[in-house]
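A quick write-up on the structure given underneath.
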Amino acid sequence: MGGERQHYYGKHGTPQKYDPTFKGPIYHRGCTDIICCVFLLLAIVGYVAVGIIAWTHGDPRKVIYPTDSRGEFCGQKGTKNANKPYLFYFNIVKCASPLVLLEFQCPTPQICVEKCPDRYLTYLNAHRSQDFEYYKQFCVPGFQTNKGVAEVLRDGDCPAVLIPSKPLARRCFPAIHAHKGVLMVGNETTYEDGHGSRKNITELVEGAKKANGVLEARQLAMRIFEDYTVSWYWIVIGLVIAMLLSLLFIVLLRFLAGVMVWVMVTMLILVLGYGIFHCYMEYMRLRGEAGSDISLVDLGFQTDLRVYLHLRQTWMAFMIILSILEAVIILLLIFLRKRILIAIALIKEASRAVGYVMCSLLYPLVTFFLLCLCIAYWASTAVFLSTSNEAVYKIFDDGTCQFAGKTCNPETFASSNESRLCPGAHCQFAFYGGESGYHRALLGLQIFNAFMFFWLANFVLALGQVTLAGAFASYYWALHKPDDLPAFPLFSAFGRALRYHTGSLAFGALILAIVQIIRVMLEYLDQRLKAAENKFAKFLMTCLKCCFWCLEKFIRFLNRNAYIMIAIYGTNFCTSARNAFFLLMRNIIRVAVLDKVTDFLFLLGKLLIVGSVGILAFFFFTHRIRIVQDTAPPLNYYWVPILTVIVGSYLIAHGFFSVYGMCVDTLFLCFLEDLERNDGSAERPYFMSPNLKRLLNKTNKKLAES
């Protein structure tokens, strides 16, 4: 037996040796992984430099404001288009051209206007009528009226036709609507194309498909905003109720964890038993019916799956599967009953630990604040980088101009050779780009921006895990709880993590960030390969994505347990990861049982909290219940506050349970270390709770003698 135990430990590492001076998280420790700490600081300095460069060259107005054919912003204060906030397309139908997908620009002149057209007019009818003054505001700036109709339309000085439009995202789109099954723009079912012929209005649908429901979308947004303004007070109350229920559930786990687990296990066994009985009854009912004895192989695959329910062999297969599941669950309960009891005891002990370190429930707010800073810096830097290009102008032409797509200068294009050879061509703004070294490096800077976001976000999460682990480890290793618990354990653990283990946290976060940025690149390549017909490339991409997804999950699991060991012993990241991994491998069955039991309880808790608050919000905002007379405010859409309360309740419950889950994992590793380090003697007493010692038939001899 001793030889087997020695071989077992040799296979899965060596347990921690007994240290008489160890009384919990080591306070006298040194800095770990200093090189990674230096790399992180240098990377942050570089990240700040990238942000400064991006903010110097970038211009977010390119995202906020639409741009006309000359690259000028519409509605920007301090410019000549300050009072012209909307972008008007001369011929919206051309926006349906495949060229839009390549150039990200409609091959038609675009100008900034004060308001979108509200009537149907053609240039041919308007140029000699009183409507011409109205029509001229939709012509290019500096339009000269001394040209003939053909010259104006040829040079693209004015649109051939005005169509009633509505603004969407500061752009004018035809106000298409259906009337008695007929598509109409304004009151028209046809439009004139500028060459004297009228066409059906359905030809505008592709070019103006974004205009469908413009007014409805705007009204929807306004109504949702109104609902928030009158119901925000009750939404906050609902979120407070969710917070109180989360806290209450964590407290009740101390008393009801065992009851909930065994009740659900019993219900699962009963449900499977009823399933077996139902399958048997269906199997017997089909005996003697015509066609019920046909085998599944003879029947083959059928699109209507209900056909299989008329076969006896189907119900026999269901009954066998359910019987195997029932037998497996009963055998697991018989052989793993003690480990399930240990998992329940650890969950109860975690509830006590959270009760003694109540400020730990507020720590997710710190993590949330730091993550918001990371997201804000990353998003702003990404926007400034993406808008730091220069305006590029290209030649656009409807026909077969040989110069189409070439760069041009809008100031000199009218007198250029290209304009003479291609009379119908236009030199207009195409996109923002550039040929300088900085512009060529923009893609790399964006990748660096994303990588640093992953690194810093993972570092913030790691800091929270080490802080919570240090606080809860202080609770476990206090021999006389809570008398031996140090003052302010959470703040002490936070200080130790930043002072000594910034490098280790950076190391773990770096490994995870590398895997995440590779996954992002694989997703990008997968999107580019979707149009390809290479099945091997698609198969290889799918395999790589699956492998890196699994790798990320494993690294997250390993990092989490490594951070716990760092918080307790103050060792570097690699040593902590190795010790944590081997410790878990030596107790792999206990790990699996505890993981599934806690997952089940957390799922049950989230369902109870979100479901209870969601049902209460539904009955309240639909006036099914009233706290006082006419409490619920009148709403346009009652689902707006209800969905907000449900999503907010889930996030609150997830935040509370993340702390509780970290507590359970920390106490579990401490429990395993306690079993390997100590033997219950006066010199090496157990630190576990009395309930755990009773389950394991362990006692501290000194306490037993007294």
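Glycine is no exception: its Cβ is also placed from the backbone N, Cα and C atoms.
Here TrEMBL flags 32-55, 232-253, 259-277, 315-335, 355-379, 450-478, 498-522, 562-581, 601-623, 635-657 as transmembrane segment.
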Same-chain residues near the transmembrane segment (232-253), Cβ under 8 Å, at least 6 residues beyond its ends: 347-348, 350-351, 354-355, 361, 601, 605, 608-610, 612-613, 616-617, 620-621, 632-633, 641, 644-645, 648-649, 652-653, 656-657, 660
Positions on the same chain near the transmembrane segment (450-478), where near means CB under 8 A and six or more residues out: 22-25, 40, 43-44, 47, 350, 353, 356-357, 360, 363-364, 366-367, 370-371, 374-375, 377-378, 382, 484-486, 489-490, 492-494, 496-498, 501, 505-506, 508-510, 512-513, 516-517, 520, 559-560, 563-564, 566-568, 659, 662-663, 665-667, 670-671, 674, 687-688
Same-chain residues near the transmembrane segment (315-335), Cβ under 8 Å, at least 6 residues beyond its ends: 265, 268-269, 272-273, 275-276, 279-280, 282-283, 286, 296, 309
